[in-house]
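In what follows, a single structure is set out as structure tokens and then discussed.
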Amino acid sequence: MASSSSVLLVVALFAVFLGSAHGIAKVPPGPNITAEYGDKWLDAKSTWYGKPTGAGPKDNGGACGYKNVDKAPFNGMTGCGNTPIFKDGRGCGSCFEIKCTKPESCSGEAVTVTITDDNEEPIAPYHFDLSGHAFGSMAKKGEEQNVRSAGELELQFRRVKCKYPDDTKPTFHVEKASNPNYLAILVKYVDGDGDVVAVDIKEKGKDKWIELKESWGAVWRIDTPDKLTGPFTVRYTTEGGTKSEFEDVIPEGWKADTSYSAK
């Protein structure tokens with residue numbers, strides 16, 4: 001029978017081995033992807049999760065706070081970006097063209113995905129953990145499962161402007177816990193840069209803009225001892241510096257857990 005000291009030594013050596021292996025596997029993230037657009041393609045690794053033809057998360061949500069990403073306008077063409085893509089929530093809503101050329105089942109044609117979630121797997125400087133549907137969309141027609149069977153792919157990507165259908169307008173979802181002293185707003189369906197770096201609101205009849213703070217994902221909030229009175233005009237600034245203003249988009253008598261879209 002092995003002595004207790006021998007057993008402890010084996011356990012310790014095994015732990016060192018695992019720690020070393022884990023350390024070797026870690027790849028530092030690349031520089032943040034910014035709101036710059038062009039023809040240059042960058043290299044990345046891609047994996048997929050969830051159902052083979054699904055939108056990723058079981059609840060069709062993700063770390064950005066969006067819901068129903070399996071439905072229009074996202075239609076399951078979504079992905080989790082690693083640190084330089086997700087950017088602690090500031091990458092939420094940004095759009096990317098992605099493509100793969102290997103294995104042979106890859107079409108080599110670019111498809112567009114929207115960042116709706118994050119991933120922290122340190123396997124490459126840039127890593128997209130895609131929905132099963134988005135991953136399979138890089139395949140030749142009829143060979144989607146062959147691509148998904150690869151599990152992990154080398155791909156090329158570039159940031160592109162987001163283009164939503166004409167009937168999909170910027171939308172502001174007032175989060176569940178909101179009340180006159182606490183207002184949290186999720187911003188989605190932003191054309192152009194897609195991601196938002198600042199949100200302000202203004203009460204009807206007042207000149208002062210009230211700055212909201214980042215809460216999490218694509219959610220912005222304000223806590224105030226003074227009761228807020230709707231309607232609210234909302235202004236957001238995208239990463240590229242574009243400001244957009246939506247007058248009285250959140251109406252008087254607004255309700256929590258309700259979405260309000262621009263006209």
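Cβ coordinates come from backbone N, Cα and C, glycine included.
Per-residue confidence over the domain 'Expansin-like EG45' (61-167) averages 97 (mean pLDDT, predicted model). The domain 'Expansin-like EG45' annotation in Swiss-Prot covers 61-167.
Annotation comment: Swiss-Prot describes 181-262 as domain 'Expansin-like CBD'.
Taken from Swiss-Prot, the feature N-linked glycosylation site applies to N32. A coil conformation is recorded for N32 (N-linked glycosylation site) in the three-state DSSP classification, outside any helix or strand.
The signal peptide annotation in Swiss-Prot covers 1-23 and is backed by experimental evidence.
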